[in-house]
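Per Swiss-Prot, these features apply:
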BINDING   191, 192, 193, 194, 311, 335, 523, 584  CoA binding site
BINDING   387, 388, 389, 411, 412, 413, 414, 415, 416, 500, 515, 526  ATP binding site
BINDING   537, 539, 542  Mg(2+) binding site
MOD_RES   609  N6-acetyllysine
């Protein structure tokens, strides 16, 4: 592979950093040797109604998977995100909203957000929503989505946020599984200038005979085009809130009371409703936000994630608001109306901290300098990456072009199920290597194990497991604790299995190699798809690549690569040969792709994750059952890939 560059901690960052290298070592040692004391102290980042005396009560033992943190403490999430800031920063901006249309933006102060949340919480109560009831939220990226989530938390209702990109079938499935009482939606969403028919999708979802629990649909007016309207069931947000009191005391919640359910996308069969509870989750979201982004008062922070993704829960809303931060919520996409939109938003709002996904970075990288045209981006101090391993070339481009070669990049590894960051750099404490998630956060004990569960020491490669609990950990899968144990704790007994593979280098840094089901076994050699994809994307003409294995009667598996070229590049037989030789040079002959499939776009979820399950089936010619494609941002991509596959002439 290409030479690994090491980036030192910039002196401008080191000078003011909340955590330095010595402190990282001290805190980390204490956090794993004496978690009771460490987390007992860190839990004070929140305001508790009744302080906890029990900190950690967890078991990863087979048949006894139980995760409880701060279990005798009580608190309210909305009070921690809003009320406690009013005296000192009531007039400070809480949310900067940037519309899909660049001419639309607004700022919401902590005082205003508190008012709107209390008012809407009273509306929910009037509609019969009680503590413990589940409320489905299917909203565009508007401040009212945050209001709805915080209002649920204020009264002790459990929210189940559903991606605005999900189909009616997916919405119905989640409503049925969670037994949601109410749906909160909008007439339409706006994305890249196009309307998204949210209300129509809800109408279609509610036609499913399995949906029996919904009493009302609350509709926020975004575009003024509601379409079908069912009197008695459908209610306008603005009519419900008119004249309603904004006095709503926060419900006292036990630390282990459920806070939200979030369904993980892309798996076949019944959706998995990951359940997070109140206390441990918020301690972890607030603490990871503060230290990983090195957040200082007054910093403008922008996480580009949708609220329907766990990143939107933990790092667009709850982590930042618990810390009294200024958080930017963006309705649009990074390349609309022009490919320099992301850079324009940074300049317009003087963003100091940017957190986005490799898929967005690679899309901008394919446009070259057009992505930064007419912008300075000199307000940026810290940048982050989330969602999948970032290949070193994209990392370096992000670092040099977007960040002007002065901003540390926190490449964060974590999952819906972990609640917050697990392996990540700290800006003032970690030297960076492009493409590495570096070291574990406080209290996180990763290990690499072989396929029979033997822990591997030193520099090695293996299955990434976590050997003990942390406060942000999901407690169960909603209504299915057996499946929770089966999915995460049965492969390697006594350990949480992430489903990812990783390697650890001689400095103890972790490199995520991709999902373990994305590991190829070519002639007995283990190859991570992320490694081959990195090599492909380092080719100057390639924008994006996804690699899967297909059955091969001699090698076991052959390498099938889907490739999107940069703007203006065309596939040719010469390029086909050149790309195969390129990978051969970068990794070795064993990693040479057997098949290159040129395509304009890959099947992705709204959160930007490539759906490899579908790519594997298309590559193998197994098109009989592609499974659930309703979670795709653009389901038409699948038909296009199938057509391309039919017409492919594979050079020998």
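Each Cβ is built from the backbone N, Cα and C atoms, and glycine gets one as well.
Candidate recorded positions: 335, 537, 539, 584, 609. Nearest to residue 412 (ATP binding site) by Cα distance: 609. Take the mean position of the Cβ atoms of 537, 539, 542, the recorded Mg(2+) site; other residues of that chain with a Cβ within 8 Å of it are 393, 535, 536, 538, 540, 541, 543, 544, 545, 563, 579, 582. Look at residue 311 (CoA binding site): DSSP puts it in a helix. Sequence-distant neighbours of residue 584 (CoA binding site) (same chain, six or more apart, CB under 8 Å from its CB) are 591, 592, listed in sequence order. Most Cβ neighbours within 10 Å among the binding-site residues 193, 387, 389: this distinction goes to 389. Rounded to a whole value, the Cα-Cα separation of residue 191 (CoA binding site) and the residue listed as 'N6-acetyllysine' is 18 Å.
For residue 414 (ATP binding site), the spatially nearest entry among the binding-site residues 194, 311, 539, 542 is 311, judged by CA separation. In sequence order, 311 are the recorded positions from 194, 311, 609 with a C-alpha within 10 Å of the C-alpha of residue 416 (ATP binding site).
Of all the binding-site residues listed here (387, 515, 537), 387 has the Cα closest to the Cα of residue 192 (CoA binding site). Neighbour counts of Cβ atoms within 10 Å were compared for the binding-site residues 335, 412, 416, 523, and the top value is held by 412.
Counting Cβ atoms from all protein chains shown, residue 414 (ATP binding site) has 24 others lying within 10 Å of its own Cβ.
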